[in-house]
Amino acid sequence: MSRTPLDTVEHAAATPDVELPWAELGLKKDEYERVVEILGRRPTGAELAMYSVMWSEHCSYKSSKVHLRQFGEKAPESDAMLVGIGENAGVVDVGQGYAVTFKVESHNHPSYVEPYQGAATGVGGIVRDIIAMGARPVAVVDPLRFGAADHPDTKRVLPGVVAGIGGYGNCLGLPNIGGEVVFDACYQGNPLVNAGAIGVMRHEDIHLAKASGAGNKVILYGARTGGDGIGGASILASETFDDAKPSKRPAVQVGDPFQEKLLIECTLEAFAEKLVVGIQDLGAAGLSCATSELASNGSGGMRVTLDDVPLRDSTLSPEEILMSESQERMCAVVEPEKVDRFLEICEKWDVIATVIGEVTDGDRLEIYWHGGKIVDVDPRTVAHEGPVYERPYARPDWQDTLQADDANKLPRPETSEELKDQVLKLVASPNQASKSWITSQYDHFVQGNTVLAQPEDSGMIRIDEETGLGVAIATDGNGRYAKLDPYHGAQLALAEAYRNVATTGAKPLAVSDCLNFGSPEDPAVMWQFAEAVRGLADACQQLGTPVTGGNVSLYNQTGEAAIHPTPVVAVLGVIDDVARRTPVAFQEEGQLLYLLGDTREEFGGSAWSQVVHDHLGGLPPRVDLERERLLAEILISASRDGMIDSAHDLSDGGLIQAVVESALLGGKGARLIVPDGLDAFTFLFSESAGRAVVAVPRSEEVRFNDMCGARGLPVTRIGVVDGDTVDVQGEFALPLSELREAHEGTIPALLK
Amino acid sequence: MTARIGVVTFPGSLDDRDTQRAIRVAGAEPVALWHKDKDLKQVDAVVLCGGFSYGDYLRAGAIARFSPVMEPLLEQAKAGLPVLGICNGFQILTEAHLLPGTMLRNDHLHFICRDQKLRVENAETAWTTDYSAGQEIHIPLKNNDGQYVADAYTLDKLEAEGRVAFRYLDFNPNGSQRDIAGVTNEAGNVVGLMPHPEHAVEPLIGTGRTDGLPFFTSILKKLVNA
């Protein structure tokens, strides 16, 4: 479609007074003035499109950057880090020449608007990040949070999100091995759909997002570019230049997992033949992001001819092409003599591939349209030198009141009958109930390397068939704890994920995080964010697990009501031989049950306080990271040396929740004895951190006790695997059949 | 000497490498076949594996059925070449009319992934001789379109001729008629089923059972002894 005149760089310089819709595109006045200052003239429409989208909160991290720096500044010494924060995803050395890349991201807002496509494209985006590092994706995980389980809108959002994750991930052939599902009224209207992925490669196959070598070609491949996912660009395109044009385009992208599967295979084939110099996936901000990041990370500049971009809709304006977030596209930098072979591989996989530009020896990113130069910028100013805000933050007034409302003072069960009823109520509550209705919609088996999948403590994938080398991943986050104390809440999220990885026998190595918060313009939310980041960075330093990358999602709030601060932490671990992994399920009757760690009266933010009293107040469980580290060492040693046959970490719901899960999964009951010094209620429901329950074969009892004793980990014998009831001696006995009905019936009944 | 068993990769095939591994675990030699191949590289048997060929945006298997590799496959299968279709492969075989019936979307309208109990009804096909008739096994199942349907005449005929190879036990996961999980052709060389035996060949992986391995040892014995 022709437009007169084309807003070229020349035209912009000659018409300084033309008003541009910078405010509608989300830029602040001073931000727009900064663009003008950088360019020394007003931006063209295309340039404005690029700056506005790349300087958005989502792409620039402008509110969070000053805090996120701590992850680098406090990063512990680690031999395992191969690629750190700033690339598409971090890369960790797992030994035997293998490297693993992993990352967690959010797709929260789109998933509320259009649950199926929002969640599906969330999986698609994170998987492309993994491919862009040079790795074959081997698994996905999905930490999810929804509004109240019985709210009518949850019935709209949840099944769509789950079907979208399944529909996309299953069709890609990626086993879904973990994640979480949490319900809380605070997520009503702001569900959290986080998606994580893991990829595996050899060290020498690591690829980076950079365009180097003048004369190298820039190839766009994958799906055609359409009008989906264009936020503000349509305003720019229609209102400024062309009033006759329909302006509203769908803001949520639509996924095509089949196309993405082809993209994975053809990209990996190109990597295998060493055809790729640099690579970037097209996600948020589409071509604007890919071209500016590739160019600014490389040694030269880049020239792109936008007319060559294959389009799904021929009426798209150049601004829209630059901002389109059409899915399943990637951008590769390829040496000229290898271009033919690269295109051949794309053709083999029926993937459209087009040379759209080349690397230049200058330092400018220049983009042409219909022969005119419509973009001429220093790519660094677009990709990396966006605004940075030191937003004000302040501990909210209500924090003291909240912490003073002590959950330890809530009425406790007075009779054995009441205790039993509360156990049944707990294991049947939506947050504690079995999520198999959800997870059975995900393929766990594809690729034939899944050693453990949900509901295990961590998902585990074998990466070498000969040696048995494997990786484990767990994601955790407890918004209730973080609301009570964001600093320690974030540390508890890390501690739980770290413990979960160790419980399965793997050694925790590195961290990725997805930080979900309300509006950064609210000083109370900003304080929560600052505290959580500080807490997480401190804890990562102490545990020796560096943050390799992640994602921040702000503005998760409706009106004044923000979600609970919800830092979701993913911990990646390595296990030398997956044959030594420890499952959750009880394996054999007669094995002895031991509780590792200390149990205190800690009920603030607990599942019990929520389920029985609908209460949130007090302080979360105490954090002791040295204890977590010791516990992890013991669990890993015990797994390696065959001293334990099953293990389960204790977290929300406390000991009774863990024992019930192990019993139901193994189809074997347990007899429990309340240890000296503890009352039955605290024994069963406390959520003290740094604990796990293990089942020890009788032949290993002495050796196991000696090890714990020698290393100073408190260990208490609490019972035995036995029978078909969970029997808390002197209190109650619940048949497994009754527990199963309670535990497994809830979610299907709510969502049918 | 061992047998060479081909595994076809269509665009969107997912379990091709897994199936090759299962063939290796059983002691045979896997041979990768590409959907555009016009010959079968002289393999002794073929597995059409699971996945979403062409995204299954039309009926599952409906497009893959027209791939170039299907021409020699049809011809040789009719002449006795052993062919196993797993999940999407089963769907392709029904679309190609090598096996009767068709698959609809699961009756509950959700994708389902579970460890599924089956009964081996026919232990005399090329792919099932290492089972015994009536044997109960557990094989992972994972599909969106697994509801087996056919007209009553066809179903009666299949049952009368012993051509129902596998039935779902305890729980029908997708609404399949008469609990049918897999069927065979008259000659017993072509077998299709929805569950995934290639995901049950190693004790540590997946559900931790090896109940799927006899598929691959059955065919190996048959081919090596032939």
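A Cβ is built for glycine as well, from the same backbone N, Cα and C atoms used for every other residue.
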- If TrEMBL gives A:S106, A:H107, A:N108, A:H109, A:R128, A:E325, A:S326, A:Q327, A:S553 as binding substrate, which of A:Q253, A:Q399, A:Q403, A:Q422 does it give for that site as well? A:Q253
- Query: Which single residue out of A:K28, A:K29, A:K103 does TrEMBL record at the ATP site shared with A:Y61, A:D513, A:G550?
  - Reply: A:K103
- Just how many other Cβ atoms lie inside 10 Å of the Cβ on A:R128 (substrate binding site)? 26
- Message: Sequence gap of 6 or more, Cβ distance under 8 Å: name the residues on the same chain that satisfy this around A:H58 (active site), in order along the sequence.
- Response: A:A284
- Message: Rounded to a whole angstrom, what is the C-alpha distance between A:N108 (substrate binding site) and A:N551 (Mg(2+) 1 binding site)?
- Response: 12
- Query: Looking at the binding-site residues A:E105, A:E325, A:D513, which sits with the largest number of other Cβ atoms within 10 Å of its Cβ?
  - Reply: A:D513
- Message: Within a 10 Å radius around the Cβ, which one of these recorded positions has the most neighbouring Cβ atoms: A:H107, A:N108?
- Response: A:H107
- Message: Applying the under-8 angstroms CB criterion, which one of A:24-62, A:86-201, A:214-369 scores highest with the domain 'PurM-like N-terminal' (A:456-575)?
- Response: A:86-201
- State the residues, same chain only, that lie 6 or more residues beyond the ends of the domain 'Phosphoribosylformylglycinamidine synthase linker' (A:24-62) and have a CB under 8 A from a CB inside it; answer 'none' if no residue qualifies. 7-9, 11-13, 15-16, 18, 68, 231-233, 235-237, 239-241, 284-285, 288-289, 292, 318-319, 322-323, 367, 369, 374-378, 381-383, 386-389, 520, 552, 554-555
- Task: Could you tell me the maximum Cα-Cα distance in Å between the residues recorded as binding ATP, namely A:Y61, A:K103, A:D513, A:G550, rounded to a whole number?
- Result: 17
- Query: A:S106 (substrate binding site) has how many other Cβ neighbours within 10 Å of its own Cβ?
  - Reply: 27
- Enter the number of other CB atoms within 10 angstroms of the CB of A:Y61 (ATP binding site). 18
- DSSP three-state call for A:Y61 (ATP binding site): helix, strand or coil? coil
